[in-house]
Amino acid sequence: MSFKNYIQSFAQGDWKSGIAVFLVALPLCLGIALASGAPLLAGLIAGIIGGTIVSWASGSQLSVSGPAAGLTIIVANAILDIGSFAGFLVIVILAGIIQVILGLAKMGKLGSFFPSSVIRGMLVAIGIVIILKQIPHAIGDDLDFIGEFEFNQSADGQNTFSELIGSLLSINPGALIIALGGLLLLFSWTPLSKKVPLLSQLPASLFVVLLGILINTAYGMWIPEWYLGNSKEHMVGLPLFSSLAEIGQAMVFPDWALLSNPKVYSLAITLALVASLESLLSLEATDSLDPAKRISSADRELVAQGVGNIFSGFLGGLPITSVIVRSSTNVYAGGKSKMSGFFHGILLLLAVLLLPQYLNKIPLACLASILLYTGYKLAHPSQFKKVISEGWKQWIPFIITIVVVVMVDLLWGIFIGTIVGIGFVIVTNYSSVFSIFSNGNEILIKFQKDVTFLHKMALKETFRKIPSGSDVYIDTTKVHFIDHDIQLLIQEFINTAHERGIEAEIKKK
């Protein structure tokens, strides 16, 4: 796209989706920093760099990058292991360099090896996790950060379901009304836009936030016991700075003395590999959501993420990945180009510099409603119906991926789902590599595709079942490759067939 096209795309609606992504990203940046044991500013720096730098370096038009909930445990453990956040920033920079090398070495193509059923299962699972994790925030339980994603919560010893049940036993009516009002507005926005065309030009998410602020202000005036502003845990919590100099003093920079610590390098490799895998998965998922069905370069994405992490490490930010929650919000808010991701980064920067005292008036309950809406879109019932209609070889890996992602975590879900998917490919290939035709005592064994050692057992069993007195013809004319083990097995059968009263011959290409 040309610069003119980007400006047109921004004017036509990318600014609206940029606002939606910003409103989702803001509490995520803060919450992930808090959960990682890092300064709050580090999460915001990562979000700003993900929006302003990675969005342009990436080849994807819709992928949005920033700090990822999936890295919180790795980051928290690395900070403890290395002894300081300044030392951890060196790890982030080294991880970024490794990612750039991986991208230049064309390793991004590994992301294409994940079965589509697994990617779709991952998207649905993320939608379900978002819903399960945001219901507590929607009803006023804000003890855990709003971007939390793990099933077993190491911070408080609970899991997703126990936390959900506990939250339902102590509902905050003020938060619930704000969340329900936001959801009602989001679900009715599209039908209302058809009746009032002007609404289609305005961002629904912004009105959800304004509605939340308005309702909470009304609580403060008339129903003080429902007012959420008395407790900071229920509100956006941007750090307040009185000047640019104060922001500079709050920033942390790399401690290069840690380069002499061998742990830095092993931790950097781990961080680079996990962050790269999460980014590739998110890129694959975002491309599948793209209405225009554009295909992004995975190699370029790795380079972009690496560049982003180098910048983030130098400026005191958390590690960056492409994040499916932000990216899917971008898609469902109508994003068309990377201008929406860039604009969200600019808004995060302005939030830190100019608007913290105003944004801190936003109740987390209304942001939870935006995430709940995104979760519903990702886990829409039609997704289940579509995959199930494609047959059991698609829906079994799909369901397994969903269950493991929800009950364990994202990477384990992808790993196990992929193993199951590959298993079905092997079984399908195993059973369809050759066909058997019989006419009286004549038997034709016709190979239809390349044959590997995986088919040895099936072929051996076929040879064993051939009755005495048969005339067997083995046709391999359509095959380009026959594994050495299979060649030996066929030759052995031909050589010994007469001992069983069988006449056998082979027709080669």
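Cβ atoms here come from the backbone N, Cα and C positions, even for glycine.
Positions annotated as domain 'SLC26A/SulP transporter' by TrEMBL: 13-388.
Positions annotated as transmembrane segment by TrEMBL: 20-50 (among others).
Look at TrEMBL and you will find 86-105 (among others) tagged as transmembrane segment. Residues 38, 75, 78-79, 252-256, 258-259, 261, 264-265, 267-269, 271-272, 275-276, 299-314, 316-319 of the same chain lie 6+ residues outside the transmembrane segment (86-105) yet bring a C-beta within less than 8 angstroms of a C-beta in it.
The feature transmembrane segment is assigned by TrEMBL to 117-135 (among others).
Marked as transmembrane segment by TrEMBL: 171-192 (among others). Beyond its flanks by at least six residues, the transmembrane segment (171-192) meets 137-141, 199, 204-205, 207-208, 211-212, 215-216, 219, 223, 225-228, 234, 363-366, 368-370, 372-373 of its own chain at Cβ-Cβ distances under 8 Å.
Annotated transmembrane segment per TrEMBL: 204-223 (among others), in sequence order.
Long-range Cβ contacts of the transmembrane segment (264-283) within its own chain (Cβ-Cβ under 8 Å, at least 6 residues beyond either end) map to 60, 63, 65, 68, 70-71, 74-75, 78, 81-82, 87, 90-92, 94-96, 98-99, 102, 107-108, 110-111, 114, 119, 122, 258, 296, 298, 301-302, 305-306, 309, 319-324, 327, 410-411, 414. TrEMBL lists 264-283 (among others) with the feature transmembrane segment.
Under the heading transmembrane segment, TrEMBL lists 303-325 (among others). Listed as Cβ neighbours of the transmembrane segment (303-325) (distance under 8 Å, sequence separation of 6 or more from its ends, same chain) are residues 24, 28, 32-33, 36, 38-39, 41-46, 48-50, 53-54, 57-60, 63-68, 70-71, 75, 89-93, 95-104, 122-123, 126, 130, 147, 251-254, 271-272, 275-276, 278-279, 281-283, 285-286, 371, 374.
Annotated transmembrane segment per TrEMBL: 337-356 (among others), in sequence order.
Feature annotation from TrEMBL assigns transmembrane segment to 391-408 (among others).
For the transmembrane segment (414-437), same-chain residues at least 6 beyond its ends with a Cβ under 8 Å from one of its own Cβ atoms are 113-115, 117-118, 121-122, 277, 281, 393, 396-398, 400-401, 404-405, 443-451, 454-455, 458-459, 462. Look at TrEMBL and you will find 414-437 (among others) tagged as transmembrane segment.
Highest Cβ contact count with the transmembrane segment (337-356) among the listed stretches 20-50, 117-135, 204-223 falls to 20-50 (criterion: pairs under 8 Å). Stretch with the most C-beta contacts under 8 angstroms to the transmembrane segment (204-223), considering only 20-50, 117-135, 391-408: 20-50.
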